[in-house]
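Right, one structure below, let's go through it.
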Amino acid sequence: MKHSYFISDLHLSETQPELTALFVDFMQNLAPQAERLYILGDLFDFWIGDDEQSALIQQVKDLIKSVSNQGVQCYFQHGNRDFLIGERFAKDTGVQLLPDYQLITLYDKKILLCHGDTLCIDDEAYQQFRRRVHQKWLQRLFLCLPLKVRVIIAEKIRAKSNQDKQAKSQEIMDVNQAFTAEKVQEFDVNLLIHGHTHREAIHQQEEFTRIVLGDWRKNYASILKMDESGEFGFIKD
């Protein structure tokens, strides 16, 4: 039966090879069987520009390119850790870059896709930070810096983010229910798929269904499968 996959929040990095191993297994064994693959952000733990090169980056690029070359339509939506992924990465992998909110039709279902961080409006400090780093002039300036400098800046930002999370409540870091409902209504859909919060779940709400993709962990890959009958669910070992 025809089907597609949705994943997010893998946070791939050299420091967690077990996550890379899960991704390799998925891309070699499951992904080639799909019609479409949607990666909804935070594929990498951080991204400092398309000009960065490493064995991990090349391995990930090659895996995606291989799946794309086998006829799978691959899509990428930016996360809060890899929002600087650009056209060079897209060209190298064959993915199509998606905007912050993307409306798709899949197996006769209208679906709204987003990474999920834009729905967490109660986290005002993060939203201010997000608006700042998404300014195009600031991104261009950052990308002009030497790679070594960018790495230092990215590591400091990541450390500050991890520190800030310790002081924030779980409620603040989750989606705002009213705002999320407004977005669903704005795009006139009854199915929303997002990641970011690392709280894998399928929420059947009154007016719509909200599917939250989970983060990938040492022994678990959060993979949502949707088939042509319209059925969907997370793959369980």
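Cβ from N, Cα, C; glycine included.
Model, not experiment: these values are computed from the prediction.
For the recorded site, H198 (Mn(2+) 1 binding site), the DSSP three-state label reads coil. Cβ environment of H198 (Mn(2+) 1 binding site): D9, G214, D215 lie under 8 Å away, each six or more residues apart in the same chain. Feature annotation from Swiss-Prot assigns Mn(2+) 1 binding site to D9, H11, D42, H198.
Residue density at H196 (Mn(2+) 2 binding site): 26 other Cβ atoms are found within 10 A of its Cβ, drawing on all protein chains shown. Among the features that Swiss-Prot reports, Mn(2+) 2 binding site is placed at D42, N80, H115, H196.
Residues annotated as substrate binding site in Swiss-Prot: N80, R81, D123, S161, K165, K168, H196. Using a 10 Å Cβ-Cβ cutoff, K165 (substrate binding site) registers 13 neighbours.
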Among the binding-site residues listed as N80, R81, S161, the Cα nearest the Cα of H11 (Mn(2+) 1 binding site) belongs to R81
One of the binding-site residues N80, H115, H196 has its Cα closest to the Cα of S161 (substrate binding site), namely N80
The answer, for which of the binding-site residues D9, D42, D123 has its Cβ ringed by the most other Cβ atoms inside 10 Å, is D42
One of the binding-site residues D42, H115, H196 has its Cα closest to the Cα of R81 (substrate binding site), namely D42
